[in-house]
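Here is the structure we will look at.
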């Protein structure tokens with residue numbers, strides 16, 4: 001034994017030994033209530049009602065479910081001026097984007113404007129974010145259109161396609177609201193940041209390539225959404241390319257990209273990129289009207305119906321052969337739009353130093369989609385581009401959504417004839433400019449630096465979307481992430497620990513090179529819950545550690561104690577209990593004692609219950625820290641060694 005180890009032992013022997021005690025007794029019902037609260041109510045939303053009168057509770061409850069009452073009670077003309085400016089600004093972006101995204105979803109352009117009128121009003125009443133600008137978004141539009149188009153052609157059966165889109169929106173809203181009401185928001189966490197970055201980048205490329213139909217003036221274009229069919233369709237139809245459309249498309253695309261670049265370089269000029277799409281629509285519409293563009297091979301939107309949203313509850317289809325399709329489409333688009341909306345809301349909440357309630361956001365977004373499905377709207381959520389403009393324009397409350405909605409209503413009632421000569425090519429340019437911001441290369445590089453497996457997941461999502469399909473690419477990426485989680489559960493990390501010289505601290509030998517192993521002790525740290533999925537691995541891995549220890553036979557010292565540090569073992573099941581019983585039996589055959597260090601409340605409670613005969617978990621094999629365990633057991637070893645030596649000493653007789 002070297003001097004460092006000896007001095008450490010001399011110090012540890014004098015250390016006070018603390019007892020490991022089980023937690024206070026709780027009934028099964030009490031445990032269930034605690035677990036239920038921690039699982040579904042980690043934010044404890046009911047704490048604000050404690051100690052309040054009935055009237056105060058009713059007021060607080062109304063403000064909780066209807067946030068408009070919270071900020072509405074302190075609303076002022078000063079706040080309204082800020083919201084008016086921001087509302088008009090995002091309306092100038094929402095109108096052209098609404099028309100463009102509806103076409104992306106293979107729906108009539110007017111549906112995009114309908115979806116920018118009713119949902120923002122619902123969100124203003126129920127939403128908790130003051131920056132979120134609600135309306136159609138590119139990703140949900142792309143997924144909705146591509147999934148429904150697998151079974152129904154939007155050109156051959158436009159009415160049925162619209163019915164399925166509205167029904168999918170209903171199921172999306174129902175699913176979203178249910179997650180919020182049942183507080184199951186953790187389900188959307190399966191879409192990790194890596195998945196979303198790869199998915200959105202892939203979707204942005206597919207969306208942009210789809211716009212080649214409008215930018216090149218092609219009339220016969222593939223219905224598929226992957227790279228190879230799209231590019232094949234582009235070059236197989238070269239004879240349909242229209243040079244007039246190409247020139248107009250390039251001009252407006254360059255103009256929009258310049259406006260976007262200016263606003264990115266100088267955030268105070270946010271209004272440049274916000275107003276550019278509407279200005280392009282106005283200029284291109286006037287130009288097409290002046291030159292009679294339809295006579296020059298330039299495709300136009302055509303006449304749009306005037307008037308606000310018609311009722312559509314009678315168009316919802318809850319029966320027939322397409323029911324499975326609309327439910328699946330609704331759930332997938334619901335998860336995607338919910339993930340985007342909550343992520344955007346939390347991003348700007350962090351910037352503005354206020355809190356966004358995730359569960360309330362789920363209910364708000366869900367309710368606005370359910371109501372939207374009754375009023376001719378398709379899936380909507382909070383868009384990043386519009387929300388960024390809303391934030392930069394100085395929005396103070398969700399009233400900016402109301403201003404935007406009123407502006408869209410005026411457009412629907414009085415300005416629809418003006419869009420008759422709007423060219424489809426400018427809508428394609430608007431979409432390309434909007435989705436190009438979804439490609440986040442710096443974030444991808446950051447993931448590469450931090451976690452290579454996450455980078456692989458991101459690439460899987462990206463290439464899956466680009467080369468296979470949107471939904472399959474997303475499914476494969478989620479599957480890969482889930483596999484990683486399962487791998488972490490079934491193959492928990494175990495490390496060998498050693499002593500930091502001069503202290504009673506024990507750390508990972510591979511991480512802390514100065515740490516030294518203690519002769520006679522094998523100290524292992526288990527860094528995961530123990531359950532049926534990983535007991536076989538833990539048993540095999542522990543036995544391999546022991547065999548390696550015996551083979552190494554460090555400093556000619558035989559192994560006496562297997563010390564398991566369990567600070568990271570937060571839970572254990574009945575299979576986990578059996579692991580310790582098997583380990584103890586195996587260790588006894590090898591002449592090794594099993595020692596447990598710092599088992600947490602749930603673990604020690606279950607171990608005690610499983611050891612009715614009090615032979616499995618003895619008090620002298622339980623310690624609070626590794627330092628105390630080594631000090632106490634080393635003292636025991638030393639006293640046993642002294643006794644043995646005295647017994648073998650031959651005393652001479654004279």
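Cβ atoms here come from the backbone N, Cα and C positions, even for glycine.
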Transmembrane segment per TrEMBL: which of the ranges 50-68, 69-87, 88-106, 107-125 is that?
107-125
Pick from 126-149, 270-293, 294-317: which range does TrEMBL record as transmembrane segment?
270-293
Which one of these stretches, 23-41, 194-212, 213-231, shows up in TrEMBL as transmembrane segment?
194-212
Under TrEMBL, which of the candidate ranges 328-350, 397-419 is annotated transmembrane segment?
397-419
Using Cβ distances below 8 Å and needing 3 or more such pairs, separated by at least 6 in sequence, tell me whether the transmembrane segment (241-258) contacts the transmembrane segment (455-480).
no
Which residues of the chain, 6 or more past the ends of the transmembrane segment (270-293), have a CB below 8 A from one of its CBs?
89-90, 92-93, 95-97, 244, 248, 252, 255-256, 259-260, 262-264, 300, 388-389, 392-393, 418-419, 421-423, 425-426, 429-430, 433
Under 8 Å, at least 3 Cβ pairs, sequence separation 6 or more: does that hold for the transmembrane segment (425-448) versus the transmembrane segment (194-212)?
yes
Please identify the stretch among 107-125, 194-212, 455-480 with the greatest number of Cβ pairs below 8 Å relative to the transmembrane segment (160-182).
107-125
Considering only Cβ pairs under 8 Å, which range in 107-125, 194-212, 362-385, 397-419 makes the most contacts with the transmembrane segment (455-480)?
194-212
Among 107-125, 194-212, 362-385, which stretch has the most Cβ pairs under 8 Å to the transmembrane segment (397-419)?
107-125
What average pLDDT is reported by the model for the domain 'STAS' (511-633)?
87
For the transmembrane segment (362-385), sequence-distant contacts whose Cβ falls under 8 Å of one of its Cβ atoms, 6 or more beyond its ends:
93, 97, 102, 105, 107, 111, 114-120, 122-123, 126-129, 132-137, 140-141, 144, 165-170, 172-181, 185, 309-313, 316, 333-334, 337-338, 340-342, 344-345, 347, 434, 437
